[in-house]
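Novice: Sharing the features that TrEMBL gives for it:
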type	residues	note
DOMAIN	1-239	domain 'G-protein coupled receptors family 1 profile'
TRANSMEM	9-30	transmembrane segment
TRANSMEM	50-72	transmembrane segment
TRANSMEM	92-112	transmembrane segment
TRANSMEM	132-156	transmembrane segment
TRANSMEM	182-201	transmembrane segment
TRANSMEM	221-242	transmembrane segment
Amino acid sequence: MKSLVSCDFYILNLAIIDILMPVFGFPLTIYSSMNHKWVVGEFLCATYGFIGFFCGVVSIATLAAISFARYLKVCGVKHAEVLLLHTKSSILGIYCYATFWAFLPVFGVGAYGPEPYGTSCTLAWQGHEIFVTFFLIACVLLPVIVMNVSYGRILWHIKMNRRRTKRSVSNMGMSVKKKDTYLIKMTFAMCVGFVGLWSPYAVVSLWTAYGRQGDVPIRVTLVAVLFAKLSTVVNPSVYFMMNKKFRPILNKYYIRISNRLRCCSCMSQCH
């Protein structure tokens, strides 16, 4: 653990959160789907909603923290090293922030309830417009702004550096640059994937909160929820595909699958 750098702790945190929802939440959804309705009671409905809400806030806040940490590191901000040493404290702060927001519906500020299609639970959007608005601003819009500003500043810094520096750079400098570039690309891909998958859900949430009952088609809600739940596989998928250690494995399986598909195609043509 001592050899881990700040970004590694954030990635580890994302991995833990990405496991929580599938392990503790998805079995309830699968069981309810088999019965075509939520059948495990109000308490587990609120628990499921709490876990989903908590994990979502932790994930997006962690991605925002990663983008800010990358900005501090790459752009050489004053006192950046001191700030980066407090990674564990920032992760603890993220958990406290997510716990605060996730517990508000438990204490009556907002509520948890079944989704419109009835096989999973989330925040009750209708009748809680003010809470929904503040939640989306504090837990979605604010982290997205941090990501955009951080990566925008990183791109600007890289662009300015390319203009100032000469092409001849020492091998050590090049290796550091390559590592930073890899981390920036990986975390940026994670941010884009996560925000892209959760954006339809945020739009549907606002539509449901401020619209009339029945305005939002159930199919639209279902698609938005499915996209949001897919976010749990984005981070490990991006990490797996962009990690050089795993690329040979991917290439190996890609070649194997391609060869099998060609064989199947040839056999079908022969028959």
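Each Cβ is built from the backbone N, Cα and C atoms, and glycine gets one as well.
Show me how these features fit into the structure around them.
Specialist: With a cut-off of 8 Å between Cβ atoms, the residues of this chain six or more beyond the transmembrane segment (9-30) that come close are 40, 44, 48, 51-52, 55, 58-59, 62-63, 65-66, 69, 87-88, 91, 94, 119-120, 190, 229, 232-233, 235-236, 239.
If you look at the transmembrane segment (50-72), the same-chain residues 6 or more away from its ends with a CB under 8 A from one of its CBs are 6-7, 10-11, 13-14, 17-18, 20-21, 24-25, 80, 83-84, 87, 90-91, 94-95, 97-99, 101-103, 105-106, 112, 121-123, 139-140, 142-144, 146-147, 149-151, 153-154, 180, 183-184, 187-188, 190-191, 194-195, 198, 228, 231-232, 235.
Residues 13, 45-46, 48-50, 53-54, 57-58, 61-62, 65, 121-124, 127-128, 131-132, 135, 138-139 of the same chain lie 6 or more positions beyond the ends of the transmembrane segment (92-112) yet place their CB under 8 Å from a CB of it.
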Novice: In the same chain, who gets a Cβ under 8 Å from the transmembrane segment (182-201) while lying at least 6 residues past its ends?
Specialist: 7, 14, 56, 59-60, 63, 66-67, 70, 74, 140, 144, 147, 151, 154, 223-225, 227-228, 230-231, 234-235, 237-239, 242
